[in-house]
Amino acid sequence: MTTADVPFASAAARSGEPFVETPTAYDAILLASFGGPEGQDDVIPFLRNVTRGRGIPDERLELVSTHYRSFGGVSPINGQNRVLLEALEAEIARRGLNLPVYWGNRNWHPMMDDAVTRAYADDHRTVLALATSAYSSYSSDRQYREDFARVLGSEDGTGLGEGDDPMTIDKIRLFFDHPGFVEPFYEGIRDAIGTWLKDGRAAREIRILFSTHSVPMGDANKSGPRDAEFGEGGAYVAQHKAVAEYLMARLRDEFAAATDIDWSLVFQSRSGPPSQPWLEPDINDVIAELPGEGITAVAVVPLGFVSDHMEVLWDLDNEAKQSAADAGLAFARTRTPGAHPAFVSGLVDLIEERLNGTPASERPHVTPLGPWYDVSRPGSDENERLGFRPAAAGLAP
């Protein structure tokens, strides 16, 4: 086996091959997530972490803290991750695997640095990371891999991933089209549309909006491998569209009338200066136009989100729902995977793929884009504004 430049990788992943088909004896799991405040006093320090390096004053941060303040300063994401962590531990134990799970966040406690340090102190050296993000983009993939490299590396060669007793961190493949991630979405769509059809609503009057987080257009276009062609919006948009097409095909197989239901991919939660192009159209703009198209009901599917965190509860359950009410539309927001048994089981399946070195040809996926890579390809999900930063679990340029 040859060795490529895959920073802080396990022996099996150092070859740089897209798929690691050699068994790897991981001894711990790292559940990596975004993090969120858990009280009013946490909100501004949390937002400082989110915006670190941008020089944004606290006065401006207070203006954008409204969502958190309205929920008592508590983001739902940490509570949801505790539920997911418990479910993962139970499923791992049920399968007879001896793999402790360490949970660490990018922006709030428990911090990723602390989680990795604890794992090292507990004598774990071959770690497999699972991030709570399913798609290709800088913030949902590469930034986590940069976090791992930052925690393991150092300027003087004394980091946890360096020296005579180094820790390695690999990362499971992006799971946007794994059946375990997709199934909860389908159940939600089926239930919402089935109810409306049963109640006599005409299929042609129903619109399904698949919603995901908007990102800067420059970042979207750089999502996925550098040498791959995905069209406008890069792999980020292509992956969402592929999953939406799969879900619509299943819906039309189950309900003949669903052939008359149209769908769109829409975006939400944009930030940044108005002069910077972000992915569009915005979900609220689309909802406002639906009555003019003869639509009377809109089902919103939070396709880009793993759980009901702030962007779902505020931007969809509050703002998008209000937009639908203003337009006179019936509104349904379908569930996210959360700790759905199919999702939890699917995540442990992904862990076992790497433990067993499952051949790529045997890995489940529901779109032509999958299965995604174990080792990220050169240039994947670069951030054109920040420039190159070392990242684990991927080939360096």
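Cβ from N, Cα, C; glycine included.
Note: TrEMBL annotation is automatic and uncurated.
Taking TrEMBL as the reference, the stretch among 198-237, 358-397 described by the feature region 'Disordered' is residues 358-397.
Mapped onto three states, the DSSP output places Ser75 (Fe-coproporphyrin III binding site) in coil. His213 (Fe(2+) binding site) and Tyr144 (Fe-coproporphyrin III binding site) have their C-alpha atoms 17 Å apart, to the nearest angstrom. Note on Ser75 (Fe-coproporphyrin III binding site): other Cβ atoms within 10 Å of its Cβ, all shown chains, come to 23.
The secondary structure of His213 (Fe(2+) binding site), as reduced to three states from DSSP, is extended strand.
Counted within 10 Å of its Cβ, the other Cβ atoms near Glu311 (Fe(2+) binding site) come to 18, all protein chains included.
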